[in-house]
Amino acid sequence: MATLEAWYMAVEVKDQTAENRLCPNQPVTKEEIADLGVLSWHVPPTGEYPAKAVPWNPSDIPDPVLAAVRTKRGYNYADIITCSEECLPDYHNKLKDFFKEHIHSDEEVRYIIKGSGYFDVRDRADRWIRIKLDAGDLIVLPEGIYHRFTMDSRNFTQAMRLFKGEPVWTPINRPADENLSRQRYLERFSALEEEKLLRETLAGSLRCWYQQGWCLGSSGSMAALLGPECNRNAPMLVTPSGVPKEQLAPEDLFLQSILGNELLKARRVIRQYVGQSLVQECLAALLNSMPGRPELKVSDSGPPGAKKGQTLRLFAAVFKERPDVRAICHIHSVDPPPPAGRWLSFHSWSVHIGALYCALPSLE
Ligand SMILES: [Fe+2]
């Protein structure tokens, strides 16, 4: 199984095609890249693709995993290009153009068929992260992310470009902070940050309370709303049942709307696929990152019995009826002490499920 490799770049770049690592090397994980909105998979090429086909007819070569990507993400355009001194006119000037920092008003999707290259993306602190791409790597850069591309020292890349609708390759060079696509990206990025922070807060709170003896390891649950909305479609994070509190990880939480339409399954599913066949892993990662993906149950892959808790519907009902409530903690303890001054006992719901606490109006 190929693993995407990425690292923080040295500030000074003399040769854009060199690795330009920091010393010592500072690696960046696939998850950290995903936090920037960059998706990636490894899908080994299944046939001999032409050096150039603009556009390319996908039915020419059967590629079931790529076909799943195209269908699920709506990429109805594909072409194939080859970048090399032999194939690309004015190669060296083109290389300089590729390396100019820019954004796009759409996703940039590349599938490396042969050869290799680097995509550089900016992190939240505006530092460059270099992502190494080899044959079989498929990468999706989100609309509005600052990035650039360069060949590596091998000077050869054969790649498939994918697009939704009529392709637009026009780069918008930095500065583009006022650009609508850039603003959309920042909005989305801050939402990802909020989700990450809330996941860590919920999982960390329950782990801490378990260690303090305030709740049992096998029972109790928490839920919290994400974003400013309190309507029926508002997303909420919910802990799974069946996962011991001391083992609860931020990625184990469900994300779903109050109405109950699940937005994101626990990422534990993906982790379970590691070590199985590559195609299964790609499909699992693929399906988990796409809107409208099929139902995958945590209990299929997580610890025995891991599933949505029975209190989920109660939590949803509380959020719908009490817009001032942003988070709920349900713990089982004979004598549960309020974990913080701002956590208030909530008795207006005549439901006896141990102890029910509501946090008003934010988690800190
Ligand atoms: Fe680009």
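Using the three backbone atoms N, Cα and C, a Cβ is placed for every residue, glycine included.
Owing to the predicted nature of the structure, the values given are computational and were not obtained by experimental measurement.
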- In TrEMBL, the residues His102, His104, Glu108 are said to bind Fe(2+). Which of His92, His147 is said to bind at that same site? His147
- Mean of the pLDDT scores, which run from 0 to 100, over the domain 'Class II aldolase/adducin N-terminal' (203-334): 64
- Query: Including all protein chains shown, what's the count of other C-beta atoms within 10 A of the C-beta of His104 (Ni(2+) binding site)?
  - Reply: 20
- Item | Residue among binding-site residues His102, His147 with least C-beta crowding, 10 angstrom cut-off | His102
- Message: Centre the Cβ atoms of His102, His104, Glu108, His147, go out 8 Å, and tell me which other residues of that chain have a Cβ in range of the Fe(2+) site.
- Response: Ile103, Leu141, Ile145, Tyr146, Arg148, Pro171, Ile172
- Note on the structure: Within the same chain, the residues at least 6 apart in sequence whose Cβ is under 8 angstroms from that of Glu108 (Ni(2+) binding site) are Val140, Leu141, His147
